[in-house]
Amino acid sequence: MDPDVEPKNLPGSTTASSVPRACDACRARKIRCNRESPCAHCIQAKIECTHADTRPKERGTRILLTPQYERKIDLIDRQLKGVTQLLQDLNAKLDHPTSQQQSQPQPSPSHLQVPRELPHRAASSSVPSPASHISQTSHASHADTTGPVVEGDSSLTAHSVFASNLLQKVVDVDSSVTMRDTLDTLRDIVDTMKQQPAAHEMTYPNAQRVLSLPSAAMKACQLPPIKMTVQLLQLTKHERVSSLAWIYEFFPIQRFPETCMTVYFTDDYSEADFVVVNAGLHILFWTYARLVSDEEATQYLQMSRLCAMNLETALANLPLHLPATSDHILALLSGAFYAIEISKPSLCWILITKASELCQTLGYHRAETYKNEDPEDARHKEFLFWAVYLLDRSLCLRLGRSSSIQDYDITVPYPSGTVPHRIAIAEFMKLWIKGSQIQGLIYERLYSPEAVRQTEVVRRARMQSLVQQLKELEDSTNEVIARYDEWSKGAAGDELTNFFNTSDHVLRLSLLTLVHRAVPNPAGSPTTFSSNCIQAARATLDLHQDCITAVNKSSLGLFSTYMHWTILFSPFVPFIVLFCQVIETRDQTDLSRLQAFVTSISRPESTSLTSEPETEAITKVRKLFQVLCHIAQHYVDAYTTDSSSSSGMAKVYHSHTQSTGNTEIDSYLATLGFPAQGIPNNQQQQQEQQQLQQSEEPGGVNPMLWMGSGTQLEDWFYSNQQMMDFLEDGALGIS
């Protein structure tokens, strides 16, 4: 039978034309139609009898749920969940405006929780009702800081954003549900990072907002009981803690008690006195909690948390115009160090630039200022200036901003001393000052807007100059350590001395990696990063393990100090460099380094009273590194599986997906400002695909981060900075 001939006479078969439909008028009136043309009803009503055209039902196209459709469905689902979560968060903030502020953890000299009960000001431990003019909403949350934080081009963020976006494109060709779930975490991090408002970065999480004069904030705060404060001050006189050598330089023990008494028993104390007292007591209570009984330690830690909250409240309510005095410089410097401890570098920048302004107003940067000064007062003021300078220059690289103090305007000599312990401290401080100078120069010569627009020849010359300066700093450091090693271990102990020496070395190697990173390999090289850059990154992660060993052996609680002042404070790019190296080369040794690093910064929970609860920023950066390490492991495993497949079709499929993935990588990086060595034309793609199909050996991924122009390098570091700000702000709820 001809299949094209429709059967008309078979039993049960009825075509659409064999039984005519009712006319349009009868169907509209819902009456019986005799189905003739014209029908009886239309003849009687004297109307036209019409019939609508009938078409056979079209056969629908069956949709197959391929991996491509699954990914699209997953993407839509994620976006809907994100919108739902944003609406829920918005409703929560509108209904409970203080919930976020009250849930913020509070740091110790690393991290502390705010006590639910506050002792009465300088008298008892009972809690008075909150003052009517105090609001628990953070002071800065009402500022007009609705836009994103705009920062420069030097920090960890661009490396992280680049790596995460790169991996999303590399692995999107894989339909593995597990891998897509892992990539979802990275997408959430990056998407949230791109929407970070400045208000969050510019907020003290535990500060009380005062609706009247700023002085009301200080008078409304609760101070530790005077009895506990006096007991603590007596303890500091008889038992000095080696880890507080710097604190004794900032807060001379003979002057600090007088300032405490002024704040406790008078009403005419200044903002500077209040800040200095609470900053000092915050550190002292937390440190000496390790030297007292468990019962006393609980009280000491509670008082340390209370002082931290007072400090934030005072800093959040400081006036714009401050008197130019050494006390106010000390107060601003104390607040700046505290801002680093709570991972708020932008707040630290505000405080330190104001301190720099006051230093220059008073002429602390000029040698002639001290001609008629008392030697002890001059030494203290010089120490304050260089501490301000150190933080200012270090933050230049961290935040990507130009320094507020220019070297050509400084004539004051480096710190010095006349007694052995001060000579040693001065020598080590000189090294830190020189290190901060190099950090400022790295930003100025390699990553500033002017620098990134220079030719590769100019940038390479600058890179070599900075490498030489880092080498000279390394040699000077070894000389000072050899000269004062015996004294340092006698004064601070072996553990603390080894920790400081090793952590400083980790920082210098990290800076060396960043310097080499500024000038990539020439076009056509098998890897993106130069061998010197990769070697520096490997050396950094290897030495990091030695530093973590020293941290674990110490009972002083140094983990948070190391994370804040080495990993988070300066752009720690070695991990990102080796991550990209693993993606390019599938190097198992480098992958092991990444895994060891992630393991080393994962801290087990401790039940000790004086254990270090980590800050949110530490949790975020650890989660980021964990995700990247997991992706690197998955990528290497997937490649190994594909390469070992004996199926010819599997090899062809792998070659196709590898070529497609590389093309997607190049295109995606171009949109990010990080194009590869050039997006190849169709002929080049075909040649590369043929080479992949013919080759039995695994080949490296094409260089994925060729910085052909300064603008691309600038964009790369700008996104780097945004990622770091996101980690510090804690906007993403990662557990």
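Keep in mind that glycine also has a Cβ here, set from the backbone N, Cα and C atoms.
Per TrEMBL, these features apply:
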COMPBIAS  122-132  compositional bias 'Low complexity'
COMPBIAS  133-144  compositional bias 'Polar residues'
COMPBIAS  683-697  compositional bias 'Low complexity'
DOMAIN    22-51  domain 'Zn(2)-C6 fungal-type'
REGION    95-152  region 'Disordered'
REGION    676-703  region 'Disordered'
TRANSMEM  562-583  transmembrane segment
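Counting residue by residue with DSSP, the domain 'Zn(2)-C6 fungal-type' (22-51) contains 12 helix, 0 strand, 18 coil. Residues of the same chain lying 6 or more positions beyond the ends of the domain 'Zn(2)-C6 fungal-type' (22-51) include none with a Cβ under 8 Å from any Cβ of it. Confidence for the domain 'Zn(2)-C6 fungal-type' (22-51), expressed as mean pLDDT, is 86.
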